[in-house]
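The feature active site, proton acceptor is assigned by TrEMBL to A:123. Marked as Ca(2+) binding site by TrEMBL: A:116, A:187, A:189, A:221. The feature substrate binding site is assigned by TrEMBL to A:118, A:132, A:228, A:232, A:332. Feature annotation from TrEMBL assigns Mg(2+) binding site to A:221, A:241, A:245. The domain 'Fumarylacetoacetase N-terminal' annotation in TrEMBL covers A:16-108. The domain 'Fumarylacetoacetase-like C-terminal' feature in TrEMBL is assigned to A:116-377.
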């Protein structure tokens, strides 16, 4: 129970406490923690000696704090919990609360490298059936390793940033044409944010996941399907993705997700040794996709074939180093049913089966459309916690 | 003519003046310019008021200086040229020269995003013939756009950094196995370093290339062919590349390469509008690949199908923003002849035609092997300038 008005029973209660970076009243950007409908100014709290983090909370991104490591993450979370639950602290802490309606939320961390996986069996199967009908939907490597690729870190933007419809080449029967994308799509994903780096040449074991990963964000990996389809052979997606990738303004710490770890789907065939995790745990995050305010899908993250610990071990098995701020996303989250898919490509089966949104028949994104991804997870006390939403509106091409 | 002893006639003469970052005698890393066999300490020169760059030369990477833009780049280069040619400056400048044998050269810039293209027609054709015999060697999109993908910025390392042989999965007829790569290769490339950023949503025109690109590095895009072959479908290269990418310690400014711009190969079919450059110019950089000290190939950069200005325009046509420190590499540089290829995959035709190196029959890289890439270009005065070398030695897997 917290003394913060209205926060008990909120999905942003005292068992959640996600981190973000905000601007308020002309101050420089600073780190805060969300509690109910308020933001606790952690820079102010550290300056007042209420929390100790070696000055890391006074910076304009989470990177310095995330680099400190799990013991420090846990200590700060415990101390913040104490400040927000013990009423004796209320007189000094309450002045550090800012109503969320008054703040501007910024990109919470500086993204080092951005990797995107492809770890939903349902998504990969759907895409295979749509693009390679009559062939085996999964390629031969898919059950042996979490397929992934690098994306563009410099175009990762915070929730709320408008997305300008990208221009580019698409193939037509008469040859390529250049113009605004006509098949602009979303991908509902979950992203994992690395805090503690690793040295070049040294793989990170599946068991060391929680030593390196600080927390979780929601991700919308906007995708121009027409640009992607024409460009991607043989080196993978490039401009079909690199125009914008939106992340939530709040990073939910792993410490808040203890009750959300659940057994992941059994993997068959068995995976090679460096990918073996015991216990084999995924996360019971329940995503939702709202298209212009209308719920169109509820993708279950617990159905993901590859776990975040396996993804991290794979990412580094070749000796690739990690840096603070590395972001790796799960790939589109899709469940077995049509109402559980994380992309409009799947929802409309390649555009062949339109859906009704706001009374109109629709396939891909129109200018002015807004897509909002949200997610909840079981909280540690039997309640529910919310991940930060990620939203974006499509602007016409320039 | 410079007054620096031994520098006239050197490929690092006063018409070259590449930038780097060095450590010397316990000092913090600082920016320098190479002249002959010496490094001019630019941090010291700026501190002494001999060069003006708003303090940007006193930092431990080139990023701050590169962000200033072309007028400042040109002004600093002119001033440095003056200091090194006018003997009246010798008494104050000579104490700022450090013998190159005494310095440690560091990664010259902080890499923002790293993109790798695939722009040699000869290389793409060779790879197509090796991997897809009997089929058209170039895929349908190849002549319409410069195919590219994002790589891992965090594992870009400076010349001289040892390369630990990566571990990973490779496919076998009996299923995947995990172990050290058995087909470790090089890719000789040329990299372009972005100085001036661009805003999200605004493409950069081919004509604006020189406003954004600061200079050129040599790149060895080390590649584990067995890992790559198993992982790359359908999302492209990932761990087969991300363990290390080496760049030269010296960034050659575009201003030094004025005499190296030459007409690029005619493109047929004609390219779409945003890729049209007039004049259509490539760079006459003459690369060399030395394998354990033995020259095995001399790839001609002038044969590249897509030009660096076209690559930059393509990279941003979807509105992707540029950041200071973005690095984009050309893709493997290969000419039409076997002795002009930039990878051992091509040199040994997929490993089927071994070459003799140091008296031994060889295909891919063995532990202890050293590969050094060098390049020269026509200088502005009819002479020759050198690009910084990029070298690396293979260490056994851990």
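Glycine is no exception: its Cβ is also placed from the backbone N, Cα and C atoms.
Just so it is clear, the model here is predicted, and its values are computed rather than measured.
Comparing residue A:332 (substrate binding site) with residue A:116 (Ca(2+) binding site), their Cα atoms are 9 Å apart once rounded. Using a 10 Å radius centred on the Cβ of residue A:187 (Ca(2+) binding site) and all shown protein chains, the other Cβ atoms total 25.
The Cβ neighbour count for residue A:332 (substrate binding site), using a 10 Å radius and every protein chain shown, is 29. Across the fold, the C-alpha of residue A:116 (Ca(2+) binding site) and the C-alpha of residue A:232 (substrate binding site) stand 15 Å from each other. In this structure the C-alpha atoms belonging to residue A:187 (Ca(2+) binding site) and residue A:132 (substrate binding site) are separated by 20 Å. Residues from the set of binding-site residues A:118, A:189, A:221, A:228, A:241 situated with their C-beta under 8 Å of a chain B C-beta: A:118.
Considering only the recorded positions A:123, A:221, A:241, A:245, the residue whose Cα is spatially closest to the Cα of residue A:132 (substrate binding site) is A:123. In this structure, residue A:228 (substrate binding site) is part of a helix by DSSP. Under DSSP, residue A:116 (Ca(2+) binding site) is assigned to a strand (E or B) in the three-state scheme. A Cβ within 8 Å of the Cβ centre of A:221, A:241, A:245, the residues given for Mg(2+), is found for these other residues of the same chain: A:116, A:151, A:152, A:187, A:219, A:220, A:222, A:223, A:242, A:244, A:329. When each of the binding-site residues A:132, A:241 is scored by how many other Cβ atoms sit within 10 Å of its Cβ, A:132 comes out lowest. Between the alpha carbons (Cα) of residue A:228 (substrate binding site) and residue A:221 (Ca(2+) binding site) lies a span of roughly 13 Å. Note: the CA-CA distance between residue A:118 (substrate binding site) and residue A:189 (Ca(2+) binding site) rounds to 10 Å.
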